[in-house]
Amino acid sequence: MNPQPSGMTWNLLLLTWLVALISTLSALFIGEVMGQAPCVLCWFQRAFMFPLTVILAIACYRSDFTVWRYALPLTVIGAALAFVHTLLYAGLIPQPIQPCTATGPSCSGAGMTLFGVVPLPALALFAFIIIAILLIIIRRRTTP
């Protein structure tokens, strides 16, 4: 017998979708409006964030609280990529294996920070972590 999801659980699902939506719209704004071309790792992170926006929107519409089963793997992989990207940005990964500087745009520019302080890869990592935490909370509230 599954516990009956409360209105609070649906609000958490909505919040999860909003985090994914804001992340997706922000990435599109930076790339399309500001004209900043994403690096290779940014593209991979987008490949995991963009589908989350659609999946979580459908889950909200259908009140599908089992969404964690297929959204959490995307979130964990996206977070792992964002973590590696953050380490690259911080210079903690050696130069020879940095995919961002070999060809295409670099992650080391000043345009890769929010307000000149928080790097965009760290923001992506934060978004993936928030989504993962919310999905785990939803799972715990709806699974016996």
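From the backbone N, Cα and C atoms, a Cβ is placed for every residue, glycine too.
Lifted from Swiss-Prot, the feature list:
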type	residues	note
TRANSMEM	10-29	transmembrane segment
DISULFID	C39-C42	disulfide bond
TRANSMEM	44-63	transmembrane segment
TRANSMEM	70-87	transmembrane segment
DISULFID	C100-C107	disulfide bond
TRANSMEM	116-138	transmembrane segment
Residue numbers, six or more beyond the limits of the transmembrane segment (70-87), whose CB comes under 8 Å of its CB atoms: 16, 41-42, 44-45, 48-49, 51-52, 55-56, 59, 93, 100, 107, 119, 121-122, 124-125, 128-129, 131-132, 135-136, 139
Intrachain neighbours beyond the transmembrane segment (44-63), with Cβ under 8 angstroms and 6 or more residues off its ends: 5, 10, 13-14, 16-17, 20-21, 23-24, 27, 38, 70-71, 74-75, 77-78, 81-82, 85, 121, 124, 127-128, 131
Residue numbers, six or more beyond the limits of the transmembrane segment (116-138), whose CB comes under 8 Å of its CB atoms: 9, 12-13, 15-16, 19-20, 22-23, 26, 30, 41-42, 45, 48-49, 52, 65, 67-68, 71-72, 75-76, 78-79, 82-83, 85-86, 88-90, 107, 110
Cβ neighbour count (within 10 Å, all chains shown) around C39 (disulfide bond): 26
Cβ-Cβ neighbours of C42 (disulfide bond) (radius 10 Å): 25
